[in-house]
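Visitor: Let me give you the structure first, and then I'll get to my questions.
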Amino acid sequence: MAPSRRRRGRGAKTEKKEQNFEDSAPIAPQPEDVSAPYTYDEQGDNDYYGSGDYRGSSNHDGANNHYEPSYHHGKDTRQDRLNWSGADSAHWRAANDLPPPPAFGPVESSLAEYLGSVEGLLDAPTFETPEDRAIFLNNVFTELSGHELVLMTDQVGSRLLQKLLLISRESQVRVFMQRLDARFVELMVHRFASHVCQTLLAVAADFVDRDLRGQGEPALGPDDLLRRDDDDNNDYVRPPADLPPVQTLFLSLCREARPFWTSLMLNSFASHVVRAFLLTLAGRSTQATGPDRRRGAALQSKKSAKYGARFNLDKPVAPPSATRALQVPPEFTAMLQTALAEIAAGLDTETCHHYALDRVASPVLQLALSLQAGTDELEVPGALLDKLLGGLVSIDEGKDLPDVVKRTLNTVLEDTSGSHLFEKILQVISAPLYRQLYQALFRNRLYELGQHPTANFVVQHLLAEAKNSMQLDLMLDELVPHFGALLTQRRSGIVRSAAQACARLNSGHKRLVHGLEKAVGAVGPPERRQFVNLLGRLVTFANFDGQPEHVLPPFNLQGLILLQTLVDFADEQGKVVIDSFLAQPEAEQLLWATDRQCSRLVECILASPQVRLKAKRKLLGNFKTHYSSLACDPNGSHVVDACWKVADLQFKEVIAAELLAAESTLRFNHFGKILLLRCQVGQFKAKRTDWAANQKGLETRREMFRDILGDAVLPSKPTEDDDEDDSTEVGKDDTSPVNNAMDPAEPERKRKRSKKHKIEENDEIDELFGRATNKRKSSKAKRR
């Protein structure tokens with residue numbers, strides 16, 4: 001629900017230029033990007049740190065002017081940060097004890113010319129038969145045989161090899177892997193070859209999965225049609241009988257890298273290959289997309305993704321169905337446990353903290369923790385987690401950490417890279433260890449850390465990972481009195497996380513709502529009627545009342561997200577939002593319904609099971625005579641759809657009648673046409689009795705399956721609870737129109753849908769029962 005964060009470098013004003021925290025000039029505070037999924041980004045051609053947040057950025061911290069960071073002493077290079085807290089020079093030398101990148105010379109001009117001529121077929125393979133594809137691959141591998149290492153270390157050659165490996169046969173990939181024996185570590189640290197190594201591991205993982213599922217490549221027979229006399233000595237065309245299987249070759253590459261795990265983690269080019277190794281051994285895909293990519297599971301940055309799209313390197317190794325977990329043999333699981341144990345053994349407590357501060361090594365540590373999550377190896381004395389937390393796992397519960405360890409851990413959670421590691425730690429640890437960590441580092445410091453430009457994200461995750469209501473109450477004791485200051489200092493992400501934690505644990509609702517009312521000055525009935533405007537704009541009543549529109553701040557995304565969270569509060573604590581919204585003039589409610597950000601709050605009110613039906617009826621009644629105009633609006637059409645889902649038969653007749661009256665206009669509107677089909681206005685026009693019977697049946701079945709669908713309709717007759725509901729008090733105060741700002745945080749709505757999807761999209765009940773009416777309606781729409 002939150003916006004994607006921008007580059008997380010210190011003082012970074014743009015993605016193209018990065019400044020030190022100390023050198024950046026003071027800049028006016030900007031709205032904070034709150035806690036959101038993110039990926040990492042690293043400078044250079046091989047950067048895999050994706051677009052992050054403004055952690056440590058002086059121009060986006062809001063309250064950074066009065067906060068003194070723990071350490072900022074002049075220039076801050078990556079090596080300085082590793083040496084900052086007195087790292088032993090032996091550790092630094094060990095971290096760089098790697099073979100130098102290889103240099104095999106330039107690619108022969110004739111080979112480069114040939115590969116350039118076949119690049120088009122590699123970009124868009126158009127083979128009529130499998131035999132044509134096999135002949136093409138044989139020809140290409142015949143030409144490059146013996147030149148694999150040279151091509152891997154060439155910028156253009158490495159790119160072509162990546163494309164070639166994606167369409168190669170299993171036997172050809174096995175031969176290619178065998179050719180890299182004893183040179184793989186050298187290639188991992190090379191600027192271009194490391195990308196080929198990562199692609200090779202992904203392709204090999206897919207072949208291992210296929211073999212275990214019984215879908216592997218069959219062995220070539222003696223009478224194979226692809227055999228040619230002049231290719232008898234070419235292993236790519238005619239693989240030798242003693243060629244090891246893929247999993248054996250993969251494990252061989254792992255064993256080659258084993259002595260260098262901790263050193264490779266610090267290498268800018270090898271680190272992402274180490275993560276590819278660990279992911280493959282664990283049976284996880286290395287090609288994360290969508291939400292997984294935003295959570296940092298991807299191994300490439302946005303910059304690398306753009307490069308891949310430019311040169312057609314973004315094709316998946318396997319079909320989309322391969323997003324499932326990959327099958328791996330027991331040897332892979334054993335190798336994974338060995339690798340994780342060796343990584344932990346190769347790092348002492350002090351070195352772990354230096355790795356945590358390193359933007360290249362930190363993602364590997366995070367992956368290692370996520371792979372150990374839920375296992376017995378995570379929280380044991382001497383394990384990786386124990387070293388990262390300064391021995392907190394080893395000490396008895398109730399004992400405190402030494403002050404020097406606390407200072408070191410505080411440095412980590414305030415660091416732009418270390419804070420991400422702390423978030424991962426909070427995500428994987430158990431409830432007892434969470435309690436110990438909170439007592440040791442966070443107790444009575446939440447507001448202080450919340451002011452920090454980087455540590456405030458850790459506080460947000462601390463709230464998100466609260467294990468029980470008692471822990472949440474302790475954190476609310478610290479934060480609720482400072483809600484006003486947090487909202488003023490652009491730290492609304494902490495308040496939002498606290499509200500979401502209350503909703504998740506079903507606790508602390510009343511305290512949080514009262515804290516928000518006090519923060520925005522909504523202490524009396526007149527002020528509470530403007531609560532949605534105050535919190536939505538993150539402004540106090542004193543600064544809102546009587547101000548003209550051009551003076552008022554625009555609606556704030558985080559304030560609107562807070563309002564949506566409050567709507568779902570139990571114990572009627574969300575009633576303050578409903579009362580305030582219904583107290584707005586009808587014209588103002590229509591403006592909310594057509595605004596890109598604010599319309600989501602209207603949809604949330606209609607869809608929430610916590611909102612009384614009488615309030616929903618009041619809202620549906622306020623939209624009467626306006627459904628046709630809302631249906632033509634890209635945002636209002638979603639509100640009409642939400643109204644239709646919760647309306648009973650009587651309200652549906654009102655909506656359908658309004659849409660029918662404007663049918664000539666809606667037919668030529670992109671969004672109105674969808675609602676005409678959704679509401680079955682054609683049947684309503686031709687056979688209203690059949691339409692009513694159909695809708696009544698849908699209403700009955702929706703009630704029967706309310707627990708499954710989570711979607712209740714308004715009953716045709718009011719209930720006793722509705723008669724007692726007094727949440728529809730209407731105020732007459734005029735307010736300003738809604739600001740149409742962009743909404744970068746919420747998952748983008750699928751407003752642009754294919755024509756076929758629009759026609760065939762129907763009610764969930766129809767999809768559940770597979771009614772034949774769907775097919776009839778689809779065919780009628782197509783004939784039109």
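Note that Cβ sites are derived from N, Cα and C of the backbone, with glycine treated the same way.
Keep in mind the model is a prediction, meaning the values are calculated, not measured.
Take a look at what TrEMBL says about it:
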{"type": "COMPBIAS", "residues": "1-11", "note": "compositional bias 'Basic residues'"}
{"type": "COMPBIAS", "residues": "69-81", "note": "compositional bias 'Basic and acidic residues'"}
{"type": "COMPBIAS", "residues": "773-784", "note": "compositional bias 'Basic residues'"}
{"type": "REGION", "residues": "1-82", "note": "region 'Disordered'"}
{"type": "REGION", "residues": "218-240", "note": "region 'Disordered'"}
{"type": "REGION", "residues": "712-784", "note": "region 'Disordered'"}
{"type": "REPEAT", "residues": "143-178", "note": "repeat 'Pumilio'"}
{"type": "REPEAT", "residues": "440-477", "note": "repeat 'Pumilio'"}
Visitor: Below 8 angstroms Cβ to Cβ, which residues of this chain, lying six or more residues outside the repeat 'Pumilio' (143-178), approach it?
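Guide: Residues 101-108, 111-112, 114-116, 119, 122-123, 125, 133-134, 137, 187, 190, 192-193, 195-196, 199-200, 203-204, 207, 210, 216-217, 220, 234-236, 239, 243-246, 249-250, 253, 311-313, 315, 317.
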Visitor: So, by DSSP, how many helix, strand and coil residues make up the repeat 'Pumilio' (440-477)?
Guide: 28 helix, 0 strand, 10 coil
Visitor: For the repeat 'Pumilio' (143-178), jot down how many residues DSSP puts in helix, in strand and in coil.
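Guide: Reading the DSSP string over the repeat 'Pumilio' (143-178) gives 28 helix, 0 strand, 8 coil.
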